[in-house]
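**Q** Right, I'll just put the structure down here and ask away after.
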Amino acid sequence: MAVGTGTSLALSSLLSLLLFAGMQMYSRQLASTEWLTIQGGLLGSGLFVFSLTAFNNLENLVFGKGFQAKIFPEILLCLLLALFASGLIHRVCVTTCFIFSMVGLYYINKISSTLYQAATPVLTPAKVTGKGKKRN
């Protein structure tokens, strides 16, 4: 069930903060093995998604409904935040965070385009009826 913009802003901001704090609290454990560094990148991409949601909800509250996130500054700022948080854990976490974030961003864009883009009607050329050049 969907919630309002203000509630979504509060929830995504809280989840971003908790995820960042959890990543910092368990940074030694996340950097200890190969699989946990991949998990650290996955957590970083979750931080990217939640911070992007919070940032876009804030813009919708300030600028009005229908304001969409663009690549610069919204997506790049949230991506740099997530990459920085992952970099505090391990350098491999940065790479996996980037890969997981790009996959997540692709699916977010795909879902939002099917939900929010208006269908454009397909224009077919009409057959011209009229006097044409006669051939012998």
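Heads up, the Cβ atoms here are built off N, Cα and C, so glycines get one too.
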**Q** Do Glu34 and Asn109 end up on the same side of the membrane (judging by the domain labels in Swiss-Prot)?
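**A** Membrane side for Glu34 and Asn109, as annotated in Swiss-Prot: identical.
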**Q** Can you say which of 5-8, 57-60, 133-136 is given as motif 'Prevents secretion from ER' in Swiss-Prot?
**A** 133-136
